[in-house]
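The transmembrane segment feature in TrEMBL is assigned to B:20-39, B:51-71, B:77-99, B:111-132, B:168-186, B:215-236, B:305-325.
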Amino acid sequence: MKKLLLATTATALLAGAAFADGHAKDVKIGIILGFTGPLESLAQQMAGGAEAAIKEVSESGMLLDGATVTGIRADSTCVDAAAATSAAERLVTSDKVNAIMGADCSGVTGAILSNVALANGTVMISPSATSPGLSTAEDNGLFFRTAPSDARQGVVMTEVLMEEGIKSVALTYTNNDYGKGLADAFQSAYEAAGGTVTISAAHEDGKADYSAEVGALASAGGDRLVVAGYVDQGGSGIVRAALDSGAFDTFHFPDGMISDKLVENFGAEINGSTGQNPGTDSPGAQKYQELIGDAFNATSPFSAESYDAAALIMLAMQAAGSSDSSALKDKVMDVANAPGEKIYPGELAKALELLKAGTDIDYVGASAVELIGAGESAGNYRQVTFTDGALEVVKYR
Amino acid sequence: MDFLNAIVAFANFVLVPGTAYGAQLALGALGVTLIYGILRFSNFAHGDTMAIGTMFVILITWGFQSAGISFGPLPTALLALPFGIVLTGLVLVGTDKVVYQFYRQRKVKPVVLVMVSLGVMFIMNGLTRFIIGPDDQRFADGERFIISARNFKEMTGLDEGLAIKTTQGITVITAVIVVAILFWFLNKTRTGKSMRAYSDNEDLALLSGINPERVVLYTWLIVAALATVAGTLYGLDKSFKPFTYFQLLLPIFAAAIVGGLGNPLGAIAGGFVIAFSEVTVTYAFKKVATYVMPEALAPDGLLQLMSTDYKFAVSFSILIIVLLFKPTGLLKGQSV
């Protein structure tokens, strides 16, 4: 108990020190992403996006009358909650960051939010955590995300299927947080819209044989099979077995399945299938790619969202006139949403100037940011269909 | 008519895939059981031996495909199979000379050899990924179906389709041929008899002048053939991914143990028991029941005994029950 008290006091003191630094000319933003682990191939481009925004603001010299901004990287590992928590703890207590851009995976994001951000009153904006659970997590208004919740994807899926006139589907999902969360979100949205989910069956990734799963799915029946899995894992195994046994001819694929690999694997066999994955036709995406140029692959998933997350933190600071998390947390929604002048990537200096003059801005950014509910992206999806063995974009919603 | 539909639905989703999967498991379990019977240890590297053998076959198949050699309606991989078996045989015999022989001459306890095979497993695992990569590889070509669900429906006018893939047909036929050759070899040839003698009683076999190194050599060569055939058939039927082969080890061992370790017939029986228990117990009988029962009694539920999540629990429950009541397996093998 004594130790706990001591630790609490120490944390409180350190947090106090962090606040005392709040008005200094030096602004620090923690960038906590899974530089090692399952998302390591995406983390570099995500960090690059955030650092591009930081560089842009810092070089403009417009933020809080000429503050310089630095980004400090830390490793969330994506899967190890304890390691992520201690990395975030270090960012807040030792590096004294003003706010955190991150984390990436839903599990570690939740851990950092409840263990570090809440305790220290630090704002965090995640570019890629999509678990519906985070919408209702206790956050004292400190947590935002520029990625949509999978609950939103469930609704979009429902809309797509309903417009196609599909009233009953069989559903299979990969047995992890992503698959289960998405499957549950979809099922509740679909049933609310009057559809029937005949069966919701999990499948394990990387298994030897999927005929048992497909047998059950086929027996339950349905007009279409919804595969909430991964294209390079069990998802493809399920689709293969379903096609071969003639159980289902058409499928619906959420984001984990949409990739070139899917077309390569199945070609014309999945003609008539539908799907959706995050994407936007907003001019911001194009401008972001021009801004980044050849520095790294700006079309990599969640890179644009990372740029937007970092930009939102700094714009909110400007709007609040302070780099304190406690002050800027109330301004994030204001700068992200209408009304105001639309701001695209590369226009952060202009945005800072407008905010200084007291003009409202509506940050659109690289991923067409629109924060809804408890501060999460409304989400932009592109609806795709498969015709003649090729993926076609139908529209954006 | 409805009754026919019920039978066809059941055959399409349980009988046909279960038989093919059972044949694949049986071939894998045969390899495990031979090593256990003759070399007296559980070879954990067997799944990755299958992977490495399949890898050779795939590489040769790609060579054939780019050279324009094909096997008509049958997959080219069947042509590449003999070459793959030879290469896998070289790898296994090499491994034996470098690794296992050292421990065998010291007459170490079987559990030490098991741990050694675990090490071999990791090396083979890494080697496969290093050469061909950890991703999915597709190498099946030729006709995909003996009969497709759509054609079957048109031919018979039934509502339910029955699909039999070429690979499923080949799997079962090849398995039958391979097993027949194996049993002929073990029971009729001199070498086969000496292998069985060595398996029954090592000391007596040595006294009667059987050369143990020869027996070991032949065992590895047969295991190489079985592993490569099993791996290739599995890869043709589903897809090749090194990690999946590593995971195949569990059902294969379950099959070998259920059937009775060291007993070749048991391995085959075990393979089918495990495959069908995975597919049948978790099958939702709704469709079948809807056809068979009068309309008024048609079920609302799925009639599924348990969710497919539990299919592994099913096969391992069977394993435990068999070991509790018949510790030597269904057909008499050596006790574990």
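Glycine is treated like the rest: Cβ placed from N, Cα and C.
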How about long-range neighbours of the transmembrane segment (B:215-236): same chain, 6 or more residues beyond its ends, C-beta under 8 Å?
23-24, 27-28, 30-31, 34-35, 38-39, 43, 46, 49-51, 53-54, 56-58, 75, 77, 81, 84-85, 88-89, 91-93, 96, 104, 137, 139-140, 167, 170-171, 174-175, 178, 182, 185, 191, 194-195, 198, 205, 245, 248
In the same chain, who gets a Cβ under 8 Å from the transmembrane segment (B:77-99) while lying at least 6 residues past its ends?
49, 52-54, 56-58, 60-61, 63-64, 69, 71, 116, 119-120, 139-141, 170, 216-217, 220-221, 223-225, 227-229, 232, 235-236
Distant-in-sequence neighbours of the transmembrane segment (B:111-132), which means Cβ under 8 A and at least six residues beyond its ends:
39-45, 47-49, 51-52, 55, 58-59, 95, 99-100, 103-104, 242, 246
